[in-house]
Structures are given as C-alpha cells and as structure tokens.
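Colleague: Take a look at the following structure, please.
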Ligand code: ADP
Ligand code: ZN
Ligand code: ZN
C-alpha cells in the first residue's frame, strides 16, 4: 500500500507517514484526515512513497482522503517549502496556516459554496453502468445520467435535478467518479477585457515605467517603482495588469492595509468591468475567503487583491505581482510564521518567472539599497500626475520659541483658520490614539502602567478608561493616585481624542472627524467617512497613520503634524526611516488636486536632517544619510539578521534558555552571536521577553548556520520557555 507523507499543524519540523489506499502521485497536495494520538486531524499530502523509516506494523491508516477540491498546486507546495526553509519554521505549520480556515477543518468544503465549478465524470465514473446503482437511488441515477449526457455540469444544474443532488454529487466525488475541473473558461477574446474607460494619457514618467516593464513582461525581475506621492503609481499598475489580462494571466496585488482594498478594488473594477477580481483579507467571512481562494486556484479570478495573507493564494497562471507601499511594516507577520509578505512575493514571482513591482514613495532602505546596487531595477516617477498639482510646501514651526496651547502653536491655529475660511480641508496628524498617552500624578510622579506589559496605559477620556494598546487590557479611571492618594492626577501629553476636543473648542462651527483605530471599529465606518470627505462634509480631519496611507483627498490643502519628535531619538535603528516614510505619506495627502498644499510640522528640532530632507521632498538625501549610518554601525541592509526570541513568566528563564542556545551555537567566523538581552518591550501579556541577535554579512552563511542550530534548539526547550526564530526581524 502506498505511504503518504503528511504535513500536520504541529510544531515539529517533520512530515508524518501514513498508509493510504489507492493514493498516487496525483494526490500530492490533497487534504487528508489522519489519526494523530487520540485525535483525528487534517493535513496535506506532501509526498507519496513506498517506504518509511517507521516500521510497517506501526504505520497507521489515513482515515479519509478529501476529493472536495482539486489538489493544492505544486507551486504552492514549493512556496510553503521555501518559507519553511527560509524562516526555519515547521513545514506542517507553514502549510496549514497558509490555508483558509474552511480547508483546515476535518470535513469537506460544502460543494454548494463553491460556485461556478464544473463537475465531470472521471474515467472511473464513465465506466459505471447505470444499472450498477440501486433502482431505489433515484437521485444518484438521475445525476449519473445527467453527467453522462451533458459531459459536465455546474452546481446550479446539479441543484435543478433535485434538492438532494448536491449530496449525491459529493458522494460521487468521494468515490472518485466525479472531479471538479480546473480549467477556467478560456479568456482570450479581447472583448472580455473591454476597457470602458481607457484611462488618462500617461505622463512621460509613467509611460517610460510602463514601457520598461512591458519590454520584460514575461521575465522575472524585481522592479522598484519609486514614485513621489500623487505621481500616479496606480495607473502604472493598471496598464501592466491590462497587458497580463490579455495574456490570460493572473495578477497578485498586495496592499498593506485592509482599508485600502475597497478603494483599489473600485478602481480595478471600473477599469476592468468584465474581469473576475477577488479580494482577500481578514475582514472576510470564512465562506467568502475560501470561495475567493478557490476562484484563484481555478484560475478564474484574474486579479487577486489582498493583504499579506493573500500571498499564499494558489495562482496557477500567475503573471505579475505588485506590492504597493512595499516599505510598510504590516507586510511582516509578527507572530507564528514571521514572514515578510513582500519577500515571499518576490520569491513567488521568481518561481513563476514573472515580474514583481514594489511600489513606494519612500522605499524601505533594503529595497532602495538593492535598487542602487542593481539587484532591483528602479523606475522613477518624479512629478505629480495631475496637471498643476505641485508638491506641497513643507515648513517647520519651531515650538521652542512659539508657545503652544493644547498642543497647537499660534501660527498653526492661524493656518487652520485660514483653511476654514477658504472652505478647504485640513488634516491634523498625530500618531497616538486615545486622549493622552500618560496618566500622571503631579505630586509623586506615579504613572498608570499595564500590569501585564512593560507599557503605560493610555487615557481614553470619553470612555473613562485606561487602556493598554499592547494587550487590550482596560481598567476604570482611578479617582486618586494609587501610590500617594493625591487626587491631582491628570492626563499628560496628547492623543487624537484630546486634539479633537481642543479643535472642537477652538473651532466650534467646524465639522471635525477623528480617524483612528477606535473610531474605525464599526464595519464600513471608513467607507462612510471617505465619502463624507470626498463630498466635502468634513472640514478638519484628525487622525493617526491610518489616514496617511495611500488615500486621495482632492480638497485637502493643509496638513499639520504634531508630536513627531519622539521618534527622532528612538533606540530602534529603523525609527527614522519609518518616521520619514510616514511623514512623507501624510505630507503627500496635501495638494493632490489643483489646490496647492501646505505642510506644517511642529517641532523642537527644525534643523534635524530628517525634517530638512522632508522640506525638500528629498528622499534620496535622507536615504543616503541613513544608509551611511547603517553601514558604519553594521546594521541592515549591510548585514543580515535573525533573532531567537524567548518568553517566559520570569525573564531569568528566558535569558537562561538563550544563554544555553548561545553556548551550543558553533557559529562560523562570519556569523556573529550577540549576548542575550531583554526585548525592548520587555513584558507583554504577562510574559517576560528576551532575545538573542545573530547576524552576518552573508545571507547564505547565516542561513546555513541557522539550519544546523535550529535542529538542536528543540532539545534545549523546557515547557517554561516559548521560543521562535525571527529571520529578518523588524522589531526588537
Ligand atoms: P500615487 O499612488 O503614486 O500616490 P495615485 O496613483 O493615487 O498616486 O494618483 C494620484 C492621482 O493622479 C489620482 O487621482 C489619479 O487618478 C491621477 N492620475 C494618475 N495618472 C494620471 C495621468 N496620467 N493623468 C492625469 N491624472 C492622473
Ligand atoms: Zn501620587
Ligand atoms: Zn498590556
């Protein structure tokens, strides 16, 4: 009997062997139900073989081989293998976590939920004689006859036979009399791609970017589309997607933020009305997600738009990958398999021999470095696409000399006032939600902290609550200082709620809207607000970085930035890069249409190189400065890093584990291992955290070292310590 090697969702880096009747190499990529200990669990067949290291008498039998959907394609299994190897994460976990929830259950996906597939008889099904089916099974007979006559049916046709026909169909599938066809309806006719609006005349920059990629449209290359805000990167994507559609191929488009999908989706749908597009993100119901996923797998969905998890969608006809806002850190998953969707997307494109486009106004230093090195090909869009839409004027308001009231300096208030008078919109950016970041006792300097995390509790005045933004813990507002009993405790510093309140008091007639994670909680809240902004029912927007990302606000003329100085002096070496990207993005919201824009930054450090670069819209200058600093300090992109992260109830246990791990590491000279240290966020959700940094000038050396070392770490584990490896970490 054949032996199948199965990927299971267990934290051990091995496949599990089972016996399975009638299984052939065709079944690689099929889901199976197998006994595991006392439980039945689901897994995926990764290999089919005839021998096993486990003695035949101890091999158990697979319980069920699913035939509800076609096998996962080999390219997707390769992608999982790559992630397992590169991130040193157990293959079974990688595979199972990459699948939609509905495919991780130990029951088949309901056929009825899978619209638009065709069901055809297999050779075995054709060989069945009608008389072999009991005369009492009328529905089965009818279904078999129907399939024989029609040569294939879709689920609607099956349902028309009888309400119970789908169940019979499911049975036929299990018996392997019927299979679902993978072949999507042919998409060759240009009429299908029919472009109702052909799009604007390209700017010279756009045109040369499109032409450059088009000339190599069927080759793998990583293109860095470096275009200032408002330069029309989306239009470049659209033109290239249209090329691919004409070839009958699929495009994967990754965006950092779920809120960005509806807007982009609408743009794509308007341009390509006849094309099947699916969007994949965490906001979908499990049924919607599996359906979208299956449409992609069948090759029917031509455009797959999604957040990072969409990078694991099966795409049999992948022809182009786009990663928009490639520098965004939300492409990196921060738990479980700590993958970077951007980097995985590049691997995918390479494997599919397709181009990948990384789009950004402020590329990550890694990508920028690769572009100036020639490893990536750089495309530049240097001017704004809309005629007469100049880049906004950026000015610093020195808050050392100018007094501020409730966070606002006099010139800033005046600028807001002027905007209101002109009926133009303005935006106040402050990257802190809540009312104030700190609750402080004025007599003894006590501050409210989270008992589970090494963080301060944020004051949410409206809800009369203190909240931890790291673990979600909430508590009532104390009436007096718990330490000294003084009642003079007060919020300190500013968050979005406080800024909103201050503005409401100063400009009672203005229509003010706050946009942060708290106000966006309700479903469709964002859609509604966007509409209000577009239709000019809003005068002042107050918000966090959610506002900054990619949105087009044509009536916005003033952007003001409060409290960004803290990030200038962070211990995180990536903080300046992030701050700059964030500020460029927010600044880029201003003056996108024909009204000119202005950006005002309140700062105590107006001469800081970061603000200077921002004033000149000079990404390159800052990138060069930061790269020089990174080179001197020996930071990425000049070195490659991995972190061994450990957490335990007591920091000592975590540190001890890391010390043992360091002791058994036989690192070659080119690989450097640092001392174990507590993490920057040294306590989170009640667990104390520490890490060990490993770095090397050679990615290959680092990877080789990690492979050998990883396999020895399991033996060091104790139940007290949880650990993970984080390759190319972004957080420390
Ligand atoms: P980016 O993503 O680069 O910041 P967008 O793609 O959002 O910029 O484009 C900014 C604006 O310019 C959009 O309103 C878009 O419709 C418009 N636009 C893009 N290309 C052109 C063009 N060639 N001519 C006129 N308007 C354009
Ligand atoms: Zn006190
Ligand atoms: Zn907390």
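Glycine residues also receive a Cβ, built from the backbone N, Cα and C atoms like all the rest.
Per TrEMBL, Zn(2+) 1 binding site is recorded for 441, 444, 481, 484. Per TrEMBL, the feature Zn(2+) 2 binding site maps to 450, 453, 468, 471. The domain 'Helicase ATP-binding' annotation in TrEMBL covers 214-381. Residues or ranges marked as domain 'Helicase C-terminal' in TrEMBL: 476-630.
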Colleague: Near ligand 3, which of the binding-site residues 468, 471, 484 have CB less than 6 Å from any of its atoms?
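Modeller: Listed by sequence, the hits are 468, 471.
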Colleague: Neighbour count first, Cβ atoms within 10 Å, every protein chain included; then name which of 471, 481 tops the list of binding-site residues.
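Modeller: Checking each of 471, 481, the winner is 481.
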Colleague: Pop the Cα-Cα gap between residue 450 (Zn(2+) 2 binding site) and residue 484 (Zn(2+) 1 binding site) into the table, whole Å please.
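Modeller: Pair distance, Cα basis, whole Å: 18 Å.
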Colleague: Find, for the listed binding-site residues 468, 484, the residue with the lowest Cβ contact count at a 10 Å cut-off, counting only other Cβ atoms.
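Modeller: Counting other Cβ atoms within 10 Å of each of the binding-site residues 468, 484 gives the minimum at 484.
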Colleague: Which binding-site residues out of 450, 453, 471, 481, 484 lie by ligand 2, going by a Cβ under 6 Å?
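Modeller: So the answer is 481, 484.
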Colleague: Beyond the listed site residues 441, 444, 481, 484, identify every same-chain residue whose Cβ lies within 8 Å of the center of their Cβ atoms for the Zn(2+) 1 site.
Modeller: 442, 443, 445, 446, 482, 483, 485, 486, 489
Colleague: Can you tell me how far the Cα of residue 453 (Zn(2+) 2 binding site) sits from the Cα of residue 444 (Zn(2+) 1 binding site), in Å?
Modeller: 22
Colleague: At the Cα level, what's the spacing in Å between residue 471 (Zn(2+) 2 binding site) and residue 444 (Zn(2+) 1 binding site), rounded?
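Modeller: Cα-Cα distance, residue 471 (Zn(2+) 2 binding site) to residue 444 (Zn(2+) 1 binding site): 27 Å.
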Colleague: Just going by other Cβ atoms within 10 Å, which of the binding-site residues 441, 444, 450 has the emptiest spot?
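Modeller: Each of the binding-site residues 441, 444, 450 was scored; lowest Cβ tally within 10 Å is 444.
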